[in-house]
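Notes follow once the structure below has been shown.
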Amino acid sequence: MTAAGFNSILCLRQLVRLNRRQYSAPAKSVLSGSQTNDQATPPPTSKSADKMRGWQLHNYGDIDELQLSEMLKIPQIRCSNECLVRIRATAVNPIDLAMLRGYGATVLNKMRCQPGDGIEFPLILGREFCGELVQTGMGVSLPLGSRVWGVVPLQATIGSHAEYVAVPSYCLAPAPKELDDYEAASVLYAGLTAWSGLYITGGLGGPCGATTASGGGAHKRVLVLGGSGGVGTLAIQILKSQKVQVLATCSENAIEMVRNLGADLVVDYNNPQAMEELCKYAPYDIVLDCAGQGGQKAAESKYDFRQYITFSSPLLANIDKQGLGVGALKNVFDLFQTNVRSVTQRGGLVKWGFFSPAPQGIQFLQKLVEQRKLMPLIDSSYGFSELPKAFEKMKSGHLRGKIVVKLREETGD
């Protein structure tokens, strides 16, 4: 990121912080006292204290299916590596909107094989958070009271759109001091999606890039489609931190913002003449589709590439529509057919990228934040009682960064 771009992002950050203060109402404390040991014993001491607020889903459908419940049971730790977190801030991601409509239900229900996880409803959405560690299993070394950031596995029935969440210890880490609660709650889901696509699926840094926090990819050339969204903005910063040449597409009114993130060339995807410029830099080592175009569009590109990685795969949708067996076969056929066209016309492979809650990915992102090479962009912020409005904002599209939701006041730790 350039110095001028970094200063511009800092100015935007200050404006967002000023605008969000009206939503910062403290939530009630439901834990009495503090726990000094690391064993998973029930934290509350009264019947009223073991309850929490959360947004539940009892049927798949539209945003009006979300219901705020005031007396939900706080999740219990069931394994030695689990952690209970009191949430201060969370975020709304495209996957939340998709899961609200039933996306991935067939596969995710099969994955809910632990006792108590096999029930589909009620479902609490939310994939990432920043909060306070209030209880741990005996195998967790993080101290209680730690400020942490983390993600929630997709198959979990209790997500982060509630006051408390329980997750495996590999899904969280100490939150960077460089970020406030809002910012820390907005990094990991999109950041791990971008990191996984580039380093696990794309092999950008070789074997070490996928298995460690080393990163890599210097002097490669990557085209980011949809550079102004949650995944795109973080992908650009990740790539530039590793000395990768980055080109990006976005709408005309987001060009300056994306350029400030460090992209070497930014073009308006609605301008055919500008899009022609991308052909001059081909072939690309990776085309990273953060715009939801899907692999079918790869062969229609006017530029060559070695890999086209899309986060909009039909994998879960095919299984939802046709069942596990037939859907799996349909996935194999779709990927094969897409790659035949892609290799024939553009010379490269199409791959599907996915979110991965890998601890080495969290460590990599944490390192970039601490080095001030990665800063999340906040599109808008909402209070917890306004979560449906946050979903409406997500549904409207054309975001400039992430949508965040605040549950608690910051404590300055």
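Including glycine, each Cβ sits where the backbone N, Cα and C put it.
Source: prediction; values computed, not measured.
When the candidates Tyr199, Tyr269 are compared with the NADPH site entry in Swiss-Prot, which names Ser228, Gly230, Val231, Ser251, Gly353, Phe355, His398, Arg400, the shared residue is Tyr269.
When every Cα pair among Ser228, Gly230, Val231, Ser251, Tyr269, Gly353, Phe355, His398, Arg400 is compared, the largest distance found for this NADPH site is 25 Å. Long-range neighbours of Ser228 (NADPH binding site) (same chain, six or more residues apart, CB within less than 8 Å of its CB): Cys250, Ser251, Ala254, Met257, Val258, Leu399, Arg400, Gly401. Residues belonging to the domain 'Enoyl reductase (ER)' (61-405) score a mean pLDDT of 95 in the model.
Residues near Phe355 (NADPH binding site) in space but far in sequence (CB under 8 A, at least 6 apart, same chain), listed by position: Ile95, Arg127, Val151, Leu154, Tyr189, Leu192, Thr193, Ser196. Compared over the binding-site residues Val231, Tyr269, the count of CB atoms lying within 10 A of a residue's CB peaks at Val231.
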